[in-house]
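What Swiss-Prot records for 206-216, 287-292, 563-604, 576-586, 629-725, 650-698, 656-705, 660-687, 691-696, 778-793, 918-921, 943-974 (among others) is disulfide bond, and it gives similarity to another entry as the kind of evidence. Marked as N-linked glycosylation site by Swiss-Prot: 33, 63, 853, 914, 936. Marked as region 'Fusion loop' by Swiss-Prot: 650-656, 691-705. Swiss-Prot lists 475-535, 1058-1073 with the feature topological domain 'Cytoplasmic', giving similarity to another entry as the kind of evidence. Annotated transmembrane segment per Swiss-Prot: 454-474, 1037-1057, in sequence order.
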């Protein structure tokens, strides 16, 4: 056990009190002046103390186990309290508390200074003297005679002696669980390494008990901090988080006590003789060390020596180093934590402004560099991150026309988040097409009155020349083929001739043989044979003729409808009464289904009443259409770190009596861990066999016990809220304008009705999108910093390793402390590896922070751009990176909707001043109408393919409305109804076709509705013919004939000029010759 070199200087004075059970007062070394700094009146003992069950005192004490005295007061150790109450070392025999170590001269407990802090926790009320370890020492507090400590423990107050709640008599309160021992000194270099490793484990601790631990820019007020530590005899203690301990036994004569059975402790001389001559009896370990006598002498005549039951001396393994410290324990200290200045939230960006450039905007931030920004123009968006004060952000090419509202949302490098709005005037109509013989030229010939005909004729000539060239090439290939085939034909002819000649000779030989035979037999005959002449027909020359037809084919006819949808309310539940000032007050109830429109457009519900020329509109303007996460059950995930610890005890020491105890289960705790970890925390315990014998520091050769525990903790208190997405459904941002003019913005998610506003509730019915890989995604939010991410995760109740959500907690508080009654986990997340005398662990926990940093918002996943959303339906919104169509509609329920309609017909006249924009596009054409109205009213414009409604003010005003067309040249009559007054207006103008937008880096487009037929339609041949020749089949035919005749005439003219030029050149050469 403890090697106490000053044992011989101790003098035990036995004071008999009621027999052998009286306390023993042992005087310390005479030269020691302990306790001089704290007078007895402050509750501290004088130069004597009482020590219980310590091997360096007396063997007599070992024979009186009924003694219950504690160190520190004349009344014995029963007057000493410990905090926390479950401290374990205070109950162990053979271990020194700091009180004992102070009395023995191993350390010094000093009187507390004014700057020393009293840790909160235990109740101090009453006449109490208390001590606690500090970061650089051990201090004590006390009050003088007639005073008692206040409940907060901060000061002493007068004690009447009869106050209720005061602790009786004098008491000592020891804060912490500490065991002290003679240490093995370590060099300064080792101490610095331990200190550095400790600082890496506690990077957010600034000061401990007023002593600087880490340099911090900002720090909190001191607060209680429970931590394990060891005192290695240097300037301050080493605080530890993950460490291991083992208890070693070292055989020494000081580890045995000798006594006579029934008599008492042996005298000093007898004990010395037993340990040197082996003349006594003893247990196995004593006999192994000192030797024993095996006579039959009566037991009371001989001393018997036995090993003191003790855990041994503690060796701490920390940071890869093994240290035998002076003291090892777990206690409460006062620490300050690092405080980072709060990040500036969304606000104004001083010095930020927009500049409009071709195809995008330039964002200038004068105060700080731009970290990231998202800029939306109409339903096109683009994001960028530059790190500069001037950043150009481009949109889809050809996507922006006319006056466009710009919405900017971003963050600066200094942490400032900002939002602001602006507008830009982009080229409109034919002004947006500024190139010759390019794609835009081909798609919009109406913008080039003269160049288009020249281009068409050139194309026809080039086509004709290409056909001629192709025919000549084919002719040349035919001639070349005849040259190649002729030698082959000649070779076959020669072979055929040779075969005929050979066949003829063979025939003649056979005839000659027959003739000889006939002559020999005397028969004469003649044999006549006609020769057959075979004549090969010569192939005739084939003449090649050239045919160059020109064919134009109309493949399909494109159709288009309106973009701003209008539905006329058809409700039979309408009641009206006469109001004041020629007004009729009506109340209506019903339901209507409006086709959903694209961002930036409006759907109108048109209300009229019998007998009233006036009408009103309920308008739904769509600002954005995104995808939102339809959340399933959410849970909380701690920023968990794996921890493990182990303690090795030799056989028959402490809990290791006959090996691993059967009662030590997965939820058991070793005495070494008492107070050092939360028993309600999430963890797993176990016990395994370790090495034994002298080589492992054990008296017993049987395997020792390695008690180990693995657990998880949240050292920084970081919590993530994880919301798995059951589906990604469309969500709209709409602006609802009531017939009365009141406006309210809603964020309806598909299938979820909005709150009732003035009797109206809107339900957005959007179809689901089939996008692969999104069902496993989850919204991940860090609750403190509000950091957002989108990543795969586990569903609630499932803990698949490798995904976020391996540890799931039901509440924010349970995630902060990781309580086992509020969290679930897979114990295999923390692996344990047993070694000779300790255990090490390894972690399989997926780092939520690493995943969140990798997939932080904004991000692009599966062809969708995800960004932060500030509405109540979801924190993240997704937008496809390509033109994605969904089907949708708005269900409008109105109950008790009030309408104020005028009974007087308005005098309203007007004209269309300009038609510009695009056809077969999302935004539609912009129609400028100048109206003169005698009163405020509602105007309704109905054209062949579209209609719209808008509010009209009294007097002369200009209005710009959107109408959709499917042809480039607009020339038609539209009906205008303004406050009951019917008239006609003429629309004339040229529209352009905007190509399907091309994407630039970082750009994307919000979702649009396929039920609105103006969504990026590719023009058909009819659109092109309309733009080229005008509307109508007769114009197309005349235009095509004119182009062909013009091309043919130009061809003949060019041929004539070429021939004329050739003749002139030939004549010039003839004259020169």
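Note: Cβ is positioned from N, Cα and C throughout, glycine not excepted.
For the pair formed by residue 586 (disulfide bond) and residue 656 (disulfide bond), distance between Cα atoms is given as 90 Å, rounded to the nearest Å. Listed disulfide-bonded residues: 660, 705; maximum Cβ neighbour count within 10 Å falls on 705. Across the structure, residue 206 (disulfide bond) and residue 705 (disulfide bond) place their CA atoms 38 angstrom apart. All protein chains included, residue 287 (disulfide bond) registers 16 other Cβ atoms within 10 Å of its own Cβ. Separation of the C-alpha atoms of residue 629 (disulfide bond) and residue 287 (disulfide bond): 76 Å, rounded to the nearest whole number.
Cα of residue 696 (disulfide bond) to Cα of residue 918 (disulfide bond): a distance of 88 Å.
Per Cα geometry, 921 is the residue among the recorded positions 660, 778, 853, 921 nearest to residue 914 (N-linked glycosylation site). Spatially, by CA atoms, the disulfide-bonded residues 576, 604, 687, 918 include one closest to residue 650 (disulfide bond), and that is 687. DSSP labels the residues of the topological domain 'Cytoplasmic' (1058-1073) in these numbers: 15 helix, 0 strand, 1 coil. Comparing CA positions across the recorded positions 853, 918, 943, the one lying closest to residue 660 (disulfide bond) turns out to be 853.
Between the CA atoms of residue 793 (disulfide bond) and residue 725 (disulfide bond) there is a gap of 9 Å.
All protein chains included, residue 914 (N-linked glycosylation site) registers 17 other Cβ atoms within 10 Å of its own Cβ.
Secondary structure of the region 'Fusion loop' (691-705), assigned with DSSP and counted as helix (H, G, I), strand (E, B) and coil, comes to 3 helix, 2 strand, 10 coil. Confidence in the topological domain 'Cytoplasmic' (1058-1073), given as mean pLDDT, stands at 75. Ranking the disulfide-bonded residues 292, 778, 918 by Cα distance from residue 604 (disulfide bond) puts 918 first. Around the Cβ of residue 793 (disulfide bond), the number of neighbouring Cβ atoms within 10 Å comes to 28.
For the region 'Fusion loop' (650-656), the number of residues in each DSSP class (helix H, G, I; strand E, B; coil) is 0 helix, 2 strand, 5 coil. In this structure, the CA atom of residue 698 (disulfide bond) is 21 Å away from the CA atom of residue 292 (disulfide bond). In this structure, the disulfide-bonded residues 576, 604, 943 were compared by how many other Cβ atoms lie within 10 Å of their Cβ, and the smallest count belongs to 576.
Measuring Cα to Cα from residue 691 (disulfide bond), the recorded positions that fall within 10 Å are 705, out of 287, 705, 853, 921.
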